[in-house]
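To keep things clear, I will list the structure first and then write my remarks on it.
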Number of protein chains: 2
Amino acid sequence: MRVMGVDPGLTRCGVGVVDGAVGRSLALSGAGVVRTGADADLPERLLGIEHGIEDWLDRYRPDAVAVERVFAQHNVSTVMGTAQASAIAITCAARRGLPVALHTPSEAKAAITGSGRADKAQVQTMVARLLGLDAAPKPADAADAAALAICHIWRGGARDRIAQAQQDLARKVELARRTRPTPETPGR
Amino acid sequence: MRVMGVDPGLTRCGVGVVDGAVGRSLALSGAGVVRTGADADLPERLLGIEHGIEDWLDRYRPDAVAVERVFAQHNVSTVMGTAQASAIAITCAARRGLPVALHTPSEAKAAITGSGRADKAQVQTMVARLLGLDAAPKPADAADAAALAICHIWRGGARDRIAQAQQDLARKVELARRTRPTPETPGR
């Protein structure tokens with residue numbers, strides 16, 4: 001499974017593409033940032049983000065996209081731009097019919113370090129370790145995007161297992177129903 | 001000049017298309033809302049906004065798009081969705097090479113009522129009056145979008161006059177320079 005993680009931002013939008021599956025080793029296919037100039041106006045910047053994300057999707061063709069969930073509580077000065085950049089990334093993926101998942105920074109940190117309150121250095125150390133690299137991708141936004149992708153591969157795996165278990169259960173119930181038919185419930 | 005105003009929102013994204021120019025009468029070409037279901041997930045909703053806005057742009061082919069500027073201070077529970085819907089509208093317009101302007105709610109209110117703190121009823125009364133209608137377009141989001149479009153036509157007009165005055169001045173300076181050449185400034 002190939003997942004593209006996106007750490008949204010107007011100035012630096014982190015992107016990290018990771019291949020892997022639950023219980024298998026992970027590999028980084030690509031990581032970097034889509035940049036737009038702080039001197040450009042908002043329409044130009046959003047268009048720049050769109051072109052950049054489209055380019056990553058064209059080059060790496062992921063199976064799913066994981067975008068950081070943005071909260072209004074965070075850093076008020078940049079949160080609007082972050083929300084807007086995330087909307088562009090989500091829409092680019094949805095337009096292609098790709099599944100899009102939103103994970104909070106805490107979920108990503110907890111997935112790869114075991115703690116939702118891990119600091120930047122700890123996240124980067126674990127990103128490098130899990131991907132079998134000497135160092136985490138640079139800049140930090142690219143490493144955070146890779147962390148989101150890893151989080152999604154692992155959480156997606158967990159969700160898949162729950163879905164599988166539910167299907168198995170449904171199959172057993174169906175089988176039981178067929179082999180031992182229940183009497184008709186009398187109408188009211 | 002035809003301006004499409006957009007009052008962004010995930011549940012109801014207001015759209016109002018107004019034809020007019022400074023000093024001429026205004027006319028409403030169309031007004032309504034792009035709706036997305038609160039039960040749908042975010043990627044689906046953003047895609048719905050994109051399809052809706054594209055449809056309005058295709059049908060009305062405006063010369064410019066005016067989108068409400070969103071502030072992080074406002075209503076925290078809905079501001080993220082509003083910011084994300086605005087990003088989609090801005091990008092749809094920018095992708096077509098249309099000029100996009102952002103106006104604050106206060107600017108729109110001040111433009112059409114004379115007060116940046118006018119209430120909803122006052123805005124709707126003036127939208128109806130300025131557009132020569134018996135009543136403002138419904139729902140309120142459509143009327144707010146029309147107010148943004150009117151604001152843009154009038155402010156755009158003011159900007160055009162300033163730009164024209166600057167060009168006139170530059171032309172006079174150039175003419176003066178040519179008719180009475182200044183002596184060369186000695187090099188240091």
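Cβ from N, Cα, C; glycine included.
The active site feature in TrEMBL is assigned to B:ASP7 (among others). Taking the Cβ of B:ASP7 (active site) as reference, residues of its chain lying under 8 Å away and at least six apart in sequence are, in sequence order, B:CYS13, B:GLY14, B:VAL15, B:GLY16, B:GLU68, B:ASP141, B:ALA142, B:ASP144, B:ALA145, B:LEU148.
Look at TrEMBL and you will find B:ASP7, B:ASP141 tagged as Mg(2+) 1 binding site. B:ASP141 (Mg(2+) 1 binding site): 24 other CB atoms within 10 A of its CB, across all protein chains. When secondary structure is read from DSSP and collapsed to three states, B:ASP141 (Mg(2+) 1 binding site) falls in the helix class.
For the recorded site, B:GLU68 (active site), the DSSP three-state label reads strand. The Cβ neighbour count for B:GLU68 (active site), using a 10 Å radius and every protein chain shown, is 25. Annotated active site per TrEMBL: B:GLU68 (among others), in sequence order.
Sequence annotations record features per position, and here TrEMBL assigns Mg(2+) 2 binding site to B:GLU68.
Sequence annotations record features per position, and here TrEMBL assigns active site to B:ASP141 (among others).
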